[in-house]
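A short worksheet on the structure shown next.
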Amino acid sequence: MARRAAAPARPLGDDFSFVSPVVKYVLFFFNLLFWMISMVMVAVGVYARLLKHAEAAMACLAVDPAILLIVVGVLTFLITFCGCIGSLRENICLLQTFSACLTVVFLLQLAAGVLGFVFSDRARGKVSEIINGAIVHYRDDLDLQNLIDFGQKEFSCCGGVSYKDWSQNMYFNCTATNPSRERCSVPFSCCLHDANQTVINTMCGHGMQDKGYLEASAFIYTNGCIDKLVNWIHSNLFLLGGITLGLALPQLVGIILAQLLINQIRDQIKLQLYNQQHRADPWY
């Protein structure tokens with residue numbers, strides 16, 4: 001008895017989808033969270049900029065923490081916007097843009113870490129340049145001033161290389177023609193503080209740049225913040241590694257989910273094209 005020819009495989013129904021709702025909505029809410037965070041960052045940065053005097057704000061544009069907050073916030077907003085809309089609308093172009101941007105950011109972070117380790121002397125010089133620029137604009141920006149004071153208190157340091165670096169600031173400059181009342185002084189955050197002291201003496205750094213290291217060390221921190229920062233980094237490598245991993249992990253998760261969703265959408269498009277081509281098939 002002759003065998004009956006096997007019927008061709010039926011195409012999958014129109015209700016079938018390769019796109020996983022789990023992957024789609026996990027990626028959507030993942031981006032939505034960082035999208036909202038980025039909007040808060042931009043709002044805080046813009047608000048901080050608007051509170052500053054226009055001339056003072058323009059003078060220290062390169063070292064303004066508010067500008068850094070705005071730039072990071074805007075970039076995060078644009079990248080996560082592509083991820084949000086791309087995942088929700090199943091748009092391959094937006095998802096590819098999101099994945100490519102995250103990959104570039106991840107590679108830049110990796111390259112910065114490697115280059116900073118390999119070219120540690122140049123990295124140290126760049127850090128020194130940034131700190132010196134911040135010292136010059138110390139009185140021009142309240143946010144920058146608070147950031148420097150916080151750093152000097154936390155690391156028990158003063159200036160970049162030493163406390164005499166504060167002479168770069170026009171208010172603390174030691175030249176005889178400087179009319180400032182803070183001439184040859186250092187900020188109060190450089191001062192040694194007694195644990196039992198309840199009222200901070202903001203004039204405790206007055207005239208300290210005129211004193212030698214040994215004499216000044218009885219009243220202020222004389223070591224610069226660069227060496228303190230380098231020593232802190234060497235002592236907290238595991239902590240910094242954990243923070244770096246914590247920043248890199250969400251990026252890797254976002255890249256993987258985006259690529260997975262892109263492949264699923266492409267498979268779904270192929271399925272739809274296949275179904276359209278076989279509508280006239282009697283076995284459909």
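Using N, Cα and C of the backbone, Cβ positions are placed for all residues, glycine too.
Annotations in TrEMBL come from automatic prediction, not curation.
Now, the feature entries from TrEMBL:
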{"type": "DISULFID", "residues": "Cys157-Cys190", "note": "disulfide bond"}
{"type": "DISULFID", "residues": "Cys158-Cys174", "note": "disulfide bond"}
{"type": "TRANSMEM", "residues": "25-48", "note": "transmembrane segment"}
{"type": "TRANSMEM", "residues": "60-88", "note": "transmembrane segment"}
{"type": "TRANSMEM", "residues": "94-119", "note": "transmembrane segment"}
{"type": "TRANSMEM", "residues": "237-262", "note": "transmembrane segment"}
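Annotated features taken from TrEMBL, shown on the structure.
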residue	record	Cβ neighbours (10 Å)
Cys157	disulfide bond	24
Cys158	disulfide bond	26
Cys174	disulfide bond	14
Cys190	disulfide bond	25
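For the transmembrane segment (60-88), the residues of the chain that approach it from at least six positions outside its boundaries are 24-25, 27-28, 30-32, 34-35, 37-42, 44-46, 48-49, 52, 94-95, 97-98, 101-102, 105, 130, 133-134, 137, 140-141, 143-144, 147, 254, 258, 261, judged by C-beta separation under 8 angstroms. Between Cys174 (disulfide bond) and Cys190 (disulfide bond), the C-alpha separation comes to 17 Å. Here the Cα atom of Cys190 (disulfide bond) is found 5 Å from that of Cys158 (disulfide bond).
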